[in-house]
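Q: The structure under discussion is supplied below as structure tokens; questions concerning it will follow.
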Amino acid sequence: MVRLVLPNPGLEERIPSLDELEVIEKEEAGSRPKWDNKAQYMLTCVGFCVGLGNVWRFPYLCQSHGGGAFMIPFLILLVFEGIPLLYLEFAIGQRLRKGSMGVWSSIHPALKGIGIASMFVSFMVGLYYNTIIAWVMWYFFNSFQEPLPWSECPLNQNQTGYVEECAKSSSVDYFWYRETLNISTSISDSGSIQWWILLCLTCAWSVLYVCIIRGIETTGKAVYITSTLPYVVLTIFLIRGLTLKGATNGIVFLFTPNITELSNPNTWLDAGAQVFYSFSLAFGGLISFSSYNSVHNNCEMDSVIVSVINGFTSVYAATVVYSIIGFRATERFDDCVNTNILTLINGFDLPEGNVTSENFEAYQQWCNATNPQAYAQLKFQTCDINSFLSEGVEGTGLAFIVFTEAITKMPVSPLWSVLFFIMLFCLGLSSMFGNMEGVVVPLQDLNITPKKWPKELLTGLICLGTYLIAFIFTLNSGQYWLSLLDSFAGSIPLLIIAFCEMFAVVYVYGVDRFNKDIEFMIGHKPNIFWQVTWRVVSPLIMLVIFLFFFVIEVNKTLMYSIWDPNYEEFPKSQKIPYPNWVYAVVVTVAGVPCLSIPCFAIYKFIRNCCQKSDDHHGLVNTLSTASVNGDLKN
């Protein structure tokens, strides 16, 4: 077992002893916030961990990597990567009773950069995450109509047909790209602010501010709704989905394993990344939340419970999503077959009703044998249920295109639309609670603002500043900017932060000391599983993921998808390379958090060297003066 611990002078003075912990907890009772009850804490952590990615990214990864086969690497890495790091964050926050900034600076002043990096990432992710909530609110407000506004294409100015862009694509595509985003054809073409998105963005930030105005005192109340309602809605959708035609096609397609995918490195890479991101690790929010617990709270049990709920939610949400996707694919398959039947009937002037989906192939063969030349001129569509099921359905495309299309085909579609977007709103809002906690608490720890400022004022200023910067997402190019930040702000930086967190606890704070802390808090030392994963397995997994990601990304040209009605293959999205100036944005978004860790450590080292030099110089001067005055005695 590795027992290396780096020198860490002054640690005993920076952290309270175990004997002092209970005394400090009693002294903080009136000044430091605490959870009203255990359920409130657990719901907040679950709400932060379980977010939009569980609903729209995990199902896509299952479908892309062999269906049920993806569950194998996902569950393995959940156990060896996700749970150990979650336990570590819970335990260190509860032990040191500080936010992410205070925890790492207490372990060693040079590690304060880890807290700064977490704060930067929380800020940037929160910046665009609340814009998604604004889009959800826009769809929610438009759901109180019959028929739904995205169920039909609008007429052109002459009222003689549909708008050309909508006719070429679909009503759901048109409502998303044109009516909602009014998207441009390039990230360089910023355009103007879309007032309806700005209005929804204002509402989203206002609701968030009201919920987090007093930290856990207010978020602790909101999570009773935001963390539980999504499960109610998911269950309602599952019951409804299972009654729809073709739902089982989607579920069977999702969980049918393709074992050969297990030999694909990308499958393991994506599984590791999904486990990592779905736990909301390294944002700093979980450390802050756990610091409000009682000293003797069982953080080990908490980490296991939250992890099980998180993994279960991912699988449960995937089942719900693919029951709906199965229904949508079956509807499209039936429409495709009916179109081909109509083509055959019109081409050979057959009586209506004679040709059905059951005898269609037989009629095709008869028509081809009867009049091969006329049959050859007919254009039939390719109808394959698996091709409809396997269409990429990741991210916003799943929520705002695929699901909205499926909802339009359901009876009482406005009701299902309202329920769906309420669920997304709750998932997004509860995740934002943790993101903002990861910004507000570190800023308080940095003492940038006067201590006499109330938390309500600091929280309000942060929300206002972030809201103003988020105006960029209300432009015509806003979707492209959001995708850019989503790809780089919460990927590599989080991986590096998490690796540094584990290294700091195991090799700077000392894993033996950490074990004694946990024994004091929960009554027993962590078992051999935690020892091995903390010291070796989890850091190694993160290192491998980072190296694979680095090798893959370095060799790739940065591309993004645009919506261009003039594209030859429209309505397919066109892939084009990013302009050169975007690379500077990527370096800033991903580089600033990563570089803040070594840069702050170097700054601390140089500062300490300068202080030692000054102290030595001051001592020499003092001794010289004393000697001259005859004050020194042998």
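Yeah, the Cβs are placed from backbone N, Cα and C, and that goes for glycine too.
Features from Swiss-Prot:
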CARBOHYD  N158  N-linked glycosylation site
CARBOHYD  N182  N-linked glycosylation site
CARBOHYD  N258  N-linked glycosylation site
CARBOHYD  N354  N-linked glycosylation site
CARBOHYD  N368  N-linked glycosylation site
CARBOHYD  N555  N-linked glycosylation site
MOD_RES   S17  phosphoserine
MOD_RES   S627  phosphoserine
TOPO_DOM  1-41  topological domain 'Cytoplasmic'
TOPO_DOM  63-67  topological domain 'Extracellular'
TOPO_DOM  89-119  topological domain 'Cytoplasmic'
TOPO_DOM  141-192  topological domain 'Extracellular'
TOPO_DOM  214-221  topological domain 'Cytoplasmic'
TOPO_DOM  243-268  topological domain 'Extracellular'
TOPO_DOM  290-304  topological domain 'Cytoplasmic'
TOPO_DOM  326-413  topological domain 'Extracellular'
TOPO_DOM  435-456  topological domain 'Cytoplasmic'
TOPO_DOM  478-487  topological domain 'Extracellular'
TOPO_DOM  509-531  topological domain 'Cytoplasmic'
TOPO_DOM  553-581  topological domain 'Extracellular'
TOPO_DOM  603-634  topological domain 'Cytoplasmic'
TRANSMEM  42-62  transmembrane segment
TRANSMEM  68-88  transmembrane segment
TRANSMEM  120-140  transmembrane segment
TRANSMEM  193-213  transmembrane segment
TRANSMEM  222-242  transmembrane segment
TRANSMEM  269-289  transmembrane segment
TRANSMEM  305-325  transmembrane segment
TRANSMEM  414-434  transmembrane segment
TRANSMEM  457-477  transmembrane segment
TRANSMEM  488-508  transmembrane segment
TRANSMEM  532-552  transmembrane segment
TRANSMEM  582-602  transmembrane segment
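Explain the structural surroundings of these features, please.
A: If you take the C-beta of N158 (N-linked glycosylation site) and look for same-chain residues 6 or more apart in sequence within under 8 angstroms, you find none.
Taking Cβ-Cβ distances under 8 Å and a sequence gap of 6 or more within the same chain, the neighbours of N182 (N-linked glycosylation site) are G191, Q194, N476.
For N258 (N-linked glycosylation site), the same-chain residues that are 6 or more apart in sequence and have a Cβ closer than 8 Å to its Cβ are G66, G67, A69.
Annotation note: N354 (N-linked glycosylation site) sits in a coil segment as assigned by DSSP. Counting only residues at least six positions away in the same chain, the Cβ atoms of I345, Y363 sit under 8 Å from the Cβ of N354 (N-linked glycosylation site).
Counting every protein chain shown, 13 other Cβ atoms lie within 10 Å of the Cβ of N368 (N-linked glycosylation site).
Close to N555 (N-linked glycosylation site) in the fold, though at least 6 residues off in sequence, lies no residue with a CB less than 8 Å from its CB.
Cβ environment of S17 (phosphoserine): no same-chain residue six or more positions apart lies under 8 Å away.
Here the topological domain 'Cytoplasmic' (1-41) has Cβ contacts under 8 Å with residues 95-97, 106-108, 215-217, 220, 223-224, 289, 292-295, 297, 302, 507-512, 516-517, 520, 531-532, 535-536 of the same chain, all six or more residues outside its ends.
Summed and averaged per residue, pLDDT over the topological domain 'Extracellular' (63-67) gives 79.
Within the same chain, residues 8, 11, 14-16, 21, 24-25, 28, 32, 281-291, 293, 295, 297, 299-300, 302-303, 438-439, 441-446, 493, 496-497, 500-501, 504-505, 508-509, 514, 517-518, 521, 593-594, 596-601, 604-605 sit at least 6 positions outside the topological domain 'Cytoplasmic' (89-119) and bring their C-beta atoms closer than 8 Å to a C-beta of that stretch.
Under DSSP, the residues of the topological domain 'Extracellular' (141-192) split into helix, strand and coil as follows: 16 helix, 2 strand, 34 coil.
With a threshold of 8 Å between CB atoms, the same-chain residues lying at least 6 positions outside the topological domain 'Cytoplasmic' (214-221) that come near it are 33-36, 40-41, 44, 289, 292, 433, 437, 440, 455-456, 459.
Residues 21-22, 25, 32-35, 38, 41-42, 45, 83, 86-87, 89-91, 93-94, 96-99, 103, 216, 518, 521-523, 526 of the same chain sit 6 or more residues outside the topological domain 'Cytoplasmic' (290-304) yet have a Cβ under 8 Å from a Cβ within it.
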Q: Give residue numbers and ranges for long-range contacts of the topological domain 'Extracellular' (63-67): same chain, 6 or more residues beyond its ends, CB-CB under 8 A.
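A: Result: 253-262, 264, 266-267, 270-271, 322, 389-390, 392-393.
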Q: Given the cut-off of 8 Å on Cβ pairs that are 6 or more apart in sequence, determine whether the transmembrane segment (457-477) and the transmembrane segment (68-88) share at least 3 such pairs.
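A: The answer is no, given that the two segments have fewer than 3 Cβ pairs within the 8 Å cut-off.
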Q: What does the DSSP secondary structure composition of the topological domain 'Cytoplasmic' (509-531) look like, as residue counts for helix, strand and coil?
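A: Grouping H, G, I as helix and E, B as strand yields 18 helix, 0 strand, 5 coil.
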Q: Considering only the recorded stretches 42-62, 68-88, 193-213, 305-325, state which has the highest number of Cβ pairs under 8 Å to the transmembrane segment (488-508).
A: 68-88
Q: Which range out of 42-62, 68-88, 193-213, 269-289, 532-552 gives the transmembrane segment (414-434) the most CB pairs under 8 Å?
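A: Counting Cβ pairs under 8 Å, the winner is 42-62.
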Q: State the residues, same chain only, that lie 6 or more residues beyond the ends of the transmembrane segment (120-140) and have a CB under 8 A from a CB inside it; answer 'none' if no residue qualifies.
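A: Those are 52, 180, 196-197, 200-201, 203-205, 208, 282-285, 396, 399-400, 404, 417-418, 421-422, 424-425, 428-429, 431-432, 435-439, 466, 469-470, 473-474, 478, 481-482, 485-486, 489-490, 493-494, 497, 589, 592-593, 596, in sequence order.
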